[in-house]
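> TrEMBL lists these features:
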type: BINDING; residues: N7, E384; note: Mg(2+) binding site
type: BINDING; residues: K14, H208, L209, G210, N211, G212, D283, F284, R285, G331, V332, G333, E334, N335; note: ATP binding site
type: BINDING; residues: R91; note: substrate binding site
type: ACT_SITE; residues: D148; note: active site, proton donor/acceptor
type: SITE; residues: H180; note: site 'Transition state stabilizer'
type: SITE; residues: R241; note: site 'Transition state stabilizer'
Amino acid sequence: MKILVINCGSSSLKYQLIDMENEEVLAKGLVERIGIEGARIKHETIGKDKKTIETPMQDHKKALELVMDSLTNAEYGAIASLDEIGAVGHRVVHGGEDFADSVIIDEKVLKAIEDNVEIAPLHNPPNIMGIKACEKLLPNVKQVAVFDTAFHQTMPEASYIYALPYEYYEKYKVRRYGFHGTSHKYITNRAAEMLGKDVNEVNLITCHLGNGSSICAVENGKSIDTSMGFTPLEGLAMGTRSGDLDPAIIPFIMEKEKLDPAEMNNVLNKKSGVLGISGVSSDFRDLESASEENNHRASLALDIFEKRVRGYIGSYMTELDDVDAIIFTAGVGENSIEMRESICEGLKIFGVEIDKERNNVRGEDKVISSDNSKIKVLVVPTNEELMIARDTQQLVEK
Ligand code: ADP
């Protein structure tokens, strides 16, 4: 079966067509600037030349029409007709408390995703647009929603209730949901395979360190705690997101800088994190170069990032009875040799020992701890698209 995986952002759309027979990517692409000037689609059928087309696209439906045209194009496409698409898997950011697993989309499901817009106003609306557009373009094809939050629905109450008046949970659904669930689930499964253990018996601390970052405590293959919260803002210091801070700072700065709630939200999401600290960049490669040139604030940003990661790992060590492995994934986790080394240096107290030579690796599955390390350390490149495609296939073949 061939599965189309769709990930819609507010003005962008990423897609992959995956042949599930051998889990091979047949084609992939990115549509950018939907609804704004300069809209374009970058399409690549594996084994053929890449193609970029610039053309106005007023909405996600128009963007998806171009995706379908590119996939079936005689010269640079991957399939002869849309009939070859067996199912569509959609990344949906927020499933709230309604979805603990992926699900085939019907009217009831769509309504539940719409109801969750209140708690995910930035993320769910583009996901809904993508689903509705696909329903129109591929009316006879089953569509599946795969939620960023679903993997974390196994968290116990003590992990997800905030120390706020309990009625805010009851009235407004304010609780920890956690995100990056598709990635944490994928690397949990892959790490279990690498460790030669049943996934239901594996205890892990999974570190998804990218532009957005989160850490997850996995007990017997299930999420029991994670660093992102009600929104993807909580937890680690990220590229541009603040992560944890004293909540009293927020009204203080709003008053001083005369910011309204939307402006303050923008500061916390777009102007903070390692970008805010360093004033240099949100990209860890830039920070590492600046730090080498003795830029104090770039070094400080890297130190703060590393300290927070270590802090969460330490905290999750105390939540898990024993830990089989710590896993690094995503842009920074897969590629930054220095960052992995400095995080693990600080975990010596737990008997974690990294092997410098094994750690000299980017973007491939590998055990990087020494043979003496009490806890294994692994690099596992994430693959959220494949996870979405697997869930989709499983549901439509049921
Ligand atoms: P997103 O959250 O956008 O999916 P990614 O997981 O792709 O993010 O991670 C992007 C981040 O990975 C960027 O900030 C970049 O700095 C970092 N990164 C990529 N390659 C390297 C590298 N070789 N060394 C350090 N950081 C890297």
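Backbone N, Cα and C define each Cβ position, glycine as well.
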> Taking Cα atoms as reference points, which of the recorded positions D148, R241, E384 is nearest to E334 (ATP binding site)?
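Answer for the nearest of the recorded positions: E384.
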> When you look at K14, H208, L209, G210, N211, G212, D283, F284, R285, G331, V332, G333, E334, N335, which the record names as binding ATP, what is the longest CA to CA distance in angstrom?
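Spelled out: the longest distance between any two Cα atoms in K14, H208, L209, G210, N211, G212, D283, F284, R285, G331, V332, G333, E334, N335 is 24 Å.
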> Please report the three-state DSSP label of R241 (site 'Transition state stabilizer').
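Once the DSSP labels are grouped into three classes, R241 (site 'Transition state stabilizer') ends up as coil.
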> Rounded to the nearest angstrom, how far is the Cα of H180 (site 'Transition state stabilizer') from the Cα of N7 (Mg(2+) binding site)?
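That comes out at 13 Å between the alpha carbons.
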> Which one, from the recorded positions K14, H180, has the smallest tally of other C-beta atoms lying within 10 Å of its C-beta?
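Comparing Cβ neighbour counts within 10 Å for the recorded positions K14, H180 gives K14.
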> List, in residue order, those recorded positions out of K14, D148, N211, D283, R285, V332 with a Cβ under 6 Å from any atom belonging to ligand 1.
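N211, D283, R285, V332, in sequence order.
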> Between the binding-site residues N7, N211, whose Cβ has more other Cβ atoms within 10 Å than any of the rest?
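Buried the deepest by this measure is N7.
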